[in-house]
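Asker: According to TrEMBL, the protein carries these features:
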DOMAIN    B:6-68  domain 'V-ATPase proteolipid subunit C-like'
SITE      B:E55  site 'Reversibly protonated during proton transport'
TRANSMEM  B:6-25  transmembrane segment
TRANSMEM  B:46-71  transmembrane segment
Amino acid sequence: MDAFKETLLEELGTRTVFTIPLLGGIPVAESVVVSWIIMAALMIATLLLTRRLSVRSPGKVQVALESAVEFLNGFVKTNIGRHWRPFAPYLGTVALYIALSNLIGIFGLTPPTKDINVTAALALMSMVLIYGAQFRYNGLLGGLKKFAEPMPLLLPINLMEVVIRPLALCMRLFGNILGAFIIMEMLKFVAPVVLPAIFSIYFDLFDGVIQTVVFVFLTTLFTGEGIKEEE
Amino acid sequence: MSIGIIAAAIAVFTGIGAGIGIGFATGKASEAIARQPEASGKINSALLLGCALAEGTAIFGFITALLIIFVG
Amino acid sequence: MLEFHLSNILFTIINLLVLHAFLRKFLFGRVNAVLEARAALVKEQISSAEESNRQAGELRTQYETKLTDAHQEAAKLMADAQNRAQRAYEGKLAQAEADARQLRSQAETQIAAERMAMLRDARNEVASLALLAAAKVAEKAMADAGDQAMVDEFLTEVGEQT
């Protein structure tokens, strides 16, 4: 039991891969390195896939790409409304990043979303997006007025939500991935042969995709809530 | 340490609430889809949102348990 | 496990921003540009198809009016030609009738002249015969002028009676 706890603790810690010798040493964690790998893969895939786009005769890859982007656009449009255009690329980026981060466990790398710093950063960005959009499209006074809706009595709850929403987003993603990771580690500890492969389909693939959808969906919904009613 | 383990177990009991909540929500959503299959898209998105929020409770309990075991 | 490193969070935020900028420019920008170009193309094609449809309709009405014009003109030409032919025919007919009439009158005058000539000949013959007969009757030649005049008088009396 103690040995298991030790390995678990070691797995859970944020390992520092190397330190940039600058300003007294900036530690670069494993999650950041894996993020860089994911980014590089995404960028190369993007450059390869969007090399020859044609308006008149799209290939199979281009059709798939276009339908994916159209699906994203439609999703953002229905949830945010008139000002959907600047949000779609960010939400698509976050979706791709989280999905790949959750799924990269299959390739034997540590998922970056298991590091609470990554999910905290994602949640912070979402918070900035949600409340930035609220003030950007309603003006300063209108944005403040949004906190007193639907009735002024709910003002403290709305203000609490400013903190609770990103915290919940951060913890939900982190907790799910971490929980899946811990269960997988336990399974590997108990039965290292067949069971992990089967359960990894659920915990790595299904749960990863579901959590991606939930994160992006909630961010979109909250953003839309902040700016939608003005129409 | 044993007290901590028990505390962690109690914290993990939040999962019961989340399970009941998600089960209830899914059942109602199935009923709604059976009644109005054409509104399944909207029902699905509402269900997903509710499940995510209900699941949040379980996740908070789980995080608390982890904190108690590994940090506290 | 649950320790927050500021550097880590900052790295992730920078990563996200860089990835966002990259994907917005190269993935979503390009694909959205293609989608918009396709939408514009479809719209343009629809409008041009409508335009050509409209032009075709216009051309058809033009052709139809032209066709009816041509029909009318043809009918007019036909009527003209028929008129002219009728007139020419009538003119020819009239001329032919006139010719025929002239010929007939000529023939009639000729016949009359011949009859007159024949009559005169016959009268001369009869006169000479009468002279001969009278000479035979008188058993003497009436060669002098008094006898001749008497015979002429007689013959005119006979001619008036006949």
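Glycine is no exception: its Cβ is also placed from the backbone N, Cα and C atoms.
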Asker: For B:E55 (site 'Reversibly protonated during proton transport'), name the DSSP secondary structure in the helix/strand/coil scheme.
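Answerer: SS state of B:E55 (site 'Reversibly protonated during proton transport') = helix.
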Asker: Which residues of the same chain, at least 6 positions away in sequence, have a Cβ lying under 8 Å from the Cβ of B:E55 (site 'Reversibly protonated during proton transport')?
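Answerer: Sequence-distant Cβ neighbours: B:A18, B:I22.
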Asker: Can you work out the mean pLDDT of the predicted model over the domain 'V-ATPase proteolipid subunit C-like' (B:6-68)?
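Answerer: Mean pLDDT for the domain 'V-ATPase proteolipid subunit C-like' (B:6-68): 88.
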Asker: Counting by DSSP, what is the helix, strand and coil composition of the domain 'V-ATPase proteolipid subunit C-like' (B:6-68)?
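Answerer: Helix/strand/coil tally for the domain 'V-ATPase proteolipid subunit C-like' (B:6-68): 61 helix, 0 strand, 2 coil.
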